[in-house]
Amino acid sequence: MSEAQQASSSGGQYSSIGRALEILEACAAAEEPLSITEIAKRTRISTSAVHRTCWKLVDLGALTQVGHGFNLGMRVIALGGSSPWLRFLRTEAAPLLHRLASETGLSGNLACLVSGKAMLVDEVFSAEFGVPKELGRKLPLHATAIGKALLVNRSESEIERILGNKELDRYTPATVCDKEQLIEELVSAREQGYVLSKGDWKMGRFGVGAPVLADGVTVASIALIGSLAFTILDGLGERVREAAAQLTAKLSSDQKN
């Protein structure tokens, strides 16, 4: 039983706090907005209690309604964003993302590895790509370029540890769900310094991602995303790799100072 569930079982005020924590944890781990029914199923909290708690959290800014579901709200995301290191990362990455987006007309994303997912921590929006993603949203590592980039420089044993024992979800016919095949793809992409995703997560969409290092360890990833129908892919990998290398240099320089 988690700490939140223990709190939830103790009654009264702590019961409300426990339910709220369970709901926030469920939404944080989800790749898509969760409906009240889905939250109830994942948390094993009654639908009526989930309904009441979700709307209280929306009122507080801890959740935001997206269609018929809920995502983490900016008030919660801002708590994570208050980390000095994350603020520094976003500040240093921002001009690079803006330059990539302006030069290519695509969306530039920045992500970090959180709980086995690629969590978006910044985005420069491209109108060509459609509705911008919510910051704090978590994306699958194995089916997105920005996720693969978080894995590409890691050892095979570390990749296996991060992916865990569960089966990899299939999102499209192009999704690589075999872990050995995924690792082979990552190893072959390691030398070129960037990874590709063509319809792995969303049909008709692509991504090009590269890892960002600090002291030789992958701490983030940068990616360009767009539509396969309207984009020429030539040269995009090199652009993203160079931007990631520049951010790596900035982070390394800061650590030495």
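Cβ from N, Cα, C; glycine included.
Those TrEMBL annotations? Automatic predictions, nothing curated.
Remember, it's a predicted structure, so these values are computed and weren't measured experimentally.
Per TrEMBL, the feature domain 'HTH iclR-type' maps to 14-74. Sequence annotations record features per position, and here TrEMBL assigns domain 'IclR-ED' to 75-253.
Here the domain 'HTH iclR-type' (14-74) has a mean pLDDT of 88 out of 100. Counting residues of the domain 'HTH iclR-type' (14-74) by DSSP class, helix then strand then coil, yields 39 helix, 9 strand, 13 coil.
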